[in-house]
Every structure is written in C-alpha cells, then in structure tokens.
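According to TrEMBL, the protein has these features:
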| type | residues | note |
| --- | --- | --- |
| DOMAIN | 1-58 | domain 'Fibronectin type-III' |
| DOMAIN | 64-159 | domain 'Fibronectin type-III' |
| DOMAIN | 163-252 | domain 'Ig-like' |
| DOMAIN | 259-353 | domain 'Fibronectin type-III' |
| DOMAIN | 359-454 | domain 'Fibronectin type-III' |
| DOMAIN | 460-557 | domain 'Fibronectin type-III' |
| DOMAIN | 561-646 | domain 'Ig-like' |
| DOMAIN | 657-751 | domain 'Fibronectin type-III' |
| DOMAIN | 757-817 | domain 'Fibronectin type-III' |
Amino acid sequence: RESDHRAWTPVSYTVTRQNATVQGLTEGKAYFFRIAAENIIGMGPFTETTKEIVIRDPITVPDRPEDLEVKAVTKNSVTLTWNPPKYNGGSDITMYVLESRLIGKEKFHKVTKEKMLDRKYTVEGLKEGDTYEYRVSACNIVGQGKPSFCTKPITCKDEIAPPSLDLDFRDKLIVRVGEAFSLTGRYSGKPAPKVTWLKDDIVVKEDDRTKIKTTPTTLCLGILKSVREDSGKYCVTVENSTGSRKGFCQVNVVDRPSPPVGPVIFDEVHKDHMVVSWKPPLDDGGSEITNYIIEKKDAHRDLWMPVTSATVKTTCKIPKLLEGREYQIRIYAENLYGISDPLISDEMKAKDRFRVPDAPEQPIIKDVTKDSAVVVWNKPYDGGKPITNYIVEKKETMATRWVRVTKDPIFPSTQFKVPDLLEGCQYEFRVSAENEIGVGDPSPPSKPIFARDPIAKPSPPVNPEAVDKTKNSVDLSWQPPRHDGNGKIIGYLVEYQKVGDEEWKKANLTADSCPETKYKVTGLTEGLTYKFRVKAVNAAGESEPAYVPDPVEVKDRLEPPELILDANMAREQHVKAGDTLRLSAVIKGVPFPKVSWKKEDHEVSPKADIEVTGVGSKLEIRNTVHEDGGIYSLTVENPAGSKTVSVKVIVLDKPGPPRNLQISEVRSDSCYLTWMEPEDDGGSVITNYVVERKDVASAQWVAISSSSKKRSHMAKYLMEGTQYLFRVAAENQFGRGPYVETLKPIKAIDPLHPPGPPKNLHHVDVDKTEVSLVWNRPDRDGGAEITGYLVEYQEDGADEWTKFQTVPMLDCVVTGL
C-alpha cells in the first residue's frame, strides 16, 4: 500500500519462492509491503515492512568522464578540458578530481586541491622537459567514480601551431578610380607568423597612398585614391617556422577608357556620306568597351552633330553630308564607367572620288511585235569605275511602277530584246547603268509604244451613202473596211467636192474626230450639188478613198415633229423629295424642232437643268421639294407642225405642320388636345401623329403618343401645378413633318367654380345700431381655398342690398345701422 493510503493492494497470489518483484510503482512515492504464507488449509498471518520504502533508481558512483583533451601546452603548464560522464550514477556530480603521473613513476597524484566543478583546468608550475599523463574522475554523493582514459604523454615545452588565415575579401574586387579600398583579415599561428603583401609577385611598400597595418591577430592593406596602375593580383602571405598560408585578390581599378587610337582613316568619301575607321583605345579602363560615340562637324561651324552612339565596331558610315563642305569627325569610346576623351579627325571634303554611272540618254525602241520590243541605248559616263551591268525596266504608260525586264546581267551589249509584253498594251522603257559603286540614275523614259505586230494601211471603207440632208448639211454613213492592216482603225477622213470643181475639201481635219462610221458634213450651200468620199485611217496611214455613188443636192427635207416618250414621261410621275426628277423624250423632225418646257403654262423653275440634243431633250431637277410638283409639258415645233405632251409630277415629301392646335378640359393631371390635319399631306396618306409635351423648366421634349391616327389626344399623368407646352407633328411614309407648338404654356390645375353659400347664418347679439352675426363654412369651396366672406344688409322693404365689408372669419359685427 502507499504510505498515505490504508487500503492494501494484492501483488501476487502464486509466488512459491521467497522473493517477488513488485511492478507498476510510481517513482518518488513511498510504499509499505506485507507477505503471508498459504497452504491447502488456508492463509497464515501477514508480516509487514517496518518502515516505508521510497521508490527510486539505485544510486552508484558516476561513469568515467569523456573526451579528456589537451588544449594548450607551454614549457611550464598544460591546459586540459573534458566532458561529463554519460551517466552520473543517479546523483548530481559534486566535483571532478584531476590526477597526473610523471612518466617513469607508478602513482597518480591529485592535481586539484580545491573542489572543482569546471571541466577545464590549467596545470601550472611544471618543469620544462618533463613528460606527464593525465586522467580525471567524477564524484557524486556515493563517491568517486572510475577515472577517464589517460591522455597521451605530454612533454612541457612551448607549443607550435601552423599559421591560419581568415580573409574579409573575395577573389575579385572592382574599384572606381579615385576611390579607396582595403584588404583585411585575421591570422594566427605559433610562433607569431610574419605577414607579407605582394602585388603581381612584387613586394608592396608603403607610400603616401599605400598603408599597411598589422596587429598580432589582424592584417590590413589600404590604398587611398586608387589609380588604374593599382590594378593587379594582390597576395598576402602569413608564414612561421611550421608553414605558410596565402590569400589572393584580383583588384581591378576601373575608369573610363582612354581615347580611341588614331588617326581617323577615311575609307570611303562620297558627296553625301563617308565611311571612317579607327583603332580601339590602348586602355579600355578595365571594362569592356560597350560602344563608340561618333559626331560630325562642319569645319566652318562650331556645332558638333551626333551621328550614332550605338556602334561597337571600329568603323562607321557618316551620312547626310552636304557636297563640297569640309567635315571633321570625333570619336569617343564608352564603357560602363564613362566616356573617354575624343579622337578628332583631320578635315575632309564631301565629294565623290568615284560615283555611280551617269544616266543613259533616252533609249530608242525598234522591232516592236505583239509580245516583244528591242531597246537600244548609248553607253553613259561610267563614274570612274567600269560599268558592270545595265538594268532595263518597263512599265505600262498609265501605271506608276517600273519593273525589271530580267534579273540576268546585261553587259557589254547596249541593246536588249524585251520579251513577255501583253499585246495591245502601251509601254515605256528606261535603262540604268551599274558599277561597283552602285546603280546610277535611270535614263528618261522612251517614247511610248504599243505592243502589236507591224501594221499596213487599211482597205477603203465599204458602201458609203448619203442618208439625210438639210439646206446646209448632208449625213453620210458607211461600213468599216474589210481589212484594218493589223492596226486599229483610228477614225475616218470625210472629203467633199462641188460638182464641176477639181479640188476636194476636208470635212474633218483629223481622223480621230470621226471615230464612228457616220458623219454630218456641214457648211454646205443650199441648192448646190456635191460629191463625197471617205478614207479609213490607222497608225500606218490613210486608205484609198471610197466614193458615195451619186452626187447629192443640198436642200431641206421636211418632216413634222415626232415625240417618243421615255418611261419617265408617263401620265403621272412620283418623285421622293430630295431625289432628282428626270423627264426626257426622243425628238424627231426635219428640220430639228424647237423645244420648249412649261410647268402649268409658266416657265419652269430656274433650278431645272434643260438639255436639248440632236435626238431629244431632257429636263432634270435635283434635290426636289414638294413645290416642284405640278403638270409639266414638252412642246416641239418646226415648220412642218408641232406636238405637245404633258406629265403630272407628284413630289412625295413629309407632311406639313398640323393646324389649329387647341387645348381644353385642363385638369390637375390631364388636358385634352385637338388639331386639324396639315394643309399639305406631302403627296402621301398621313399614317399617324406624334404628340410631345415639355415641362416649361425642362429643355427636353417627352413623347406622350407616337401612333395616334386621331386628331385629338388626352394628355394624362400631368404634375399638378406644373406648366406645360405641347407640340404635334404629322407623319407619312416619307417621314415626320414639322411640329406645331402651343403658343403659351398651360398650368395643370382643376378648373375653379364659385363656392357654395355659407350655412346657418344667424345673429348672436343685437344693439340699437349694430348686429353680431355668425355662420358656418359652405359645403363646397369651388376647387380653391375660400379667401373671405362678403357681408351685405338690406333694410326691410327695400329692393337693394348694401355691401358692408368682406371678412376672413366666420363672424362679423355689422355697424352703422
């Protein structure tokens, strides 16, 4: 049982030995135990432990300390350290005992006199040259445990340690010119090492800018206001009798580059550009050249102009020069750290040493066929370099783009047969010459040629005849020639001869003035007889003449006028407003009739364009309006008679404004609008009316009906007390006409009526000259607040009522009676 409990707990019933192990106890608690023997008859009395037993692990001496090491040795001392034992025996360590034994002796002697808990101890007062070994033991409450394993034999003499080196800088260091830098670190070693600084294997010496500082544990090399020459591989060496250590740092002191190396070489000089080259700087400033900056200057001006700052090559084209001017070029090198001083060239004049060839003279075209032509030219001046190629180009006359006729070189021949022409197209050709400098300007274009086979003169026209005549003209007609000579017929030449004369006169001077197979010969004399002949003309020349078989007597042939109406002269013509009205008719008659247009027996509008030709007449009115409608008549008249036709024109337009817009039946939330249809419906049935209203205080009109076919509308949903304007427009299939608007706003209020009579009038007091009256409010106020009551009195027997006064309240004292 636990010491603070009374109840016993059985541990085992089947123990036949004289011992037992009790498990499941709690560490730190106190217990009592009792034992009884048992046989077949029963259990005997218990025997109980006399005192409580506290449960804890058994305590032993500690294990041996671990890792006994010698940390330092001098000629008269040894410093040792160790770690605690893995197991303290179940009780805290109370002290350590350090022992030493002189080699050659048997016994260990205690070194520490005082109680020691530290795990580091320096044994002093030793004799130089003696050799010892050491061990350490741990003690706890039980006693002293086993000693540790012994150290190796240690001889008292000064310690030797090879140098160590711990640097604060990396393998590489970049410093800007003018800045300071330092290389620092820590070192150790026994005996004290010697510190040496080298730069590129040469010992560094102190001067005004170079400072070296060394303490027993630190080292430092500092350089003030660094220059490019401070770049190099720095090495620090730490050395003593046991060895040496080295540290390295590649220091790069960077600066802007030195100037590019001259002179500037002018590789090419032309009238408008130069090509120059130079050498890179001797010193790139410790950083790669990123680009060169090139500038140019007219030698007679002070302004430097930029050319480029983006080139990394040591050559550059200087463009946009003026021919004959002298120029200087200056070049800077640039790296990450700045721009060098410039390299400036000598002056150089912009002029061509060699140039492209001149433009050839205008080429000549020969041997033209339907798909080819031969271009011939003379050799131009070659510009100082031999011509290596000619470039022949073609273009259709109406086109703008020139096309090379072949990619193959043309040289030394100065003519070329151009293939692949399109038959009938008109072409021009030009030629350019090329040398090693480049391609020269093209020649002037050749004269245009048509791609077609060579042509001959055509055969004569066929079957010429006189088909009409007047008192001063004859109309001729014929068929084209049977053969056109492989050339297009340009036109015809018509000639006439008075009978009895020998000379033929030309009716037209050029063939292209008569391109068709008919011609009217004018300027003839009435009553005379003439002969006529016709020639066909192509590019090769005139054909033989073809003659009209019989002479023709010149006199008028009378035919009455005749009108052949076009579709737009039907009985009624509808035109939408804004469109163009066209009326036309074919007119016949000999002599050609006089033409006159009328609109309802008056002259037509000045905006009408009237055109009369030899075969008819046309009337045209653009942008028609409704007023252009009406009855138009066309009259033609000659000595043989006259003829008139009429057509009714209706111009369809939007309707006019509605008329007589009236507003009635005004209420607090509605009113009634009425109006009359427009005087002009635009030539089309009115489909609907659009009604809109507007609050006087608003700028916006609001539609209240857009589909009403009636000429009235009840405007609802008005705001009481608000003033409104209304407007109405008519619509037909051609659009919405203008609005008609109310002249003055109406106010949305109910109509006013006189109030009803006051009720229950009676007197409440009477005096000899006055009466006090009271009454009640009337049943109805007539739609507005009652503003007062008019009191009148009448003497008994009299006919007239006398007004006394108007009072605001429901009582009054009538005085003066």
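In case you wondered, yes, glycine gets a Cβ from its N, Cα and C as well.
Given the structure is predicted, the values throughout are model-derived calculations rather than measurements.
Annotation: stretch 460-557 has the most Cβ pairs under 8 Å to the domain 'Fibronectin type-III' (359-454), among 1-58, 64-159, 460-557, 561-646, 657-751. Per-residue pLDDT, averaged along the domain 'Fibronectin type-III' (460-557), amounts to 91 for this model. For the domain 'Fibronectin type-III' (657-751), the neighbouring stretch richest in Cβ pairs under 8 Å, chosen from 1-58, 163-252, 460-557, 561-646, 757-817, is 561-646. Break the domain 'Fibronectin type-III' (359-454) down by DSSP state and the numbers are 0 helix, 36 strand, 60 coil.
Each residue in the domain 'Fibronectin type-III' (460-557) gets a DSSP state, and the totals come to 3 helix, 44 strand, 51 coil. Under DSSP, residues within the domain 'Ig-like' (561-646) fall into helix, strand and coil as 6 helix, 53 strand, 27 coil.
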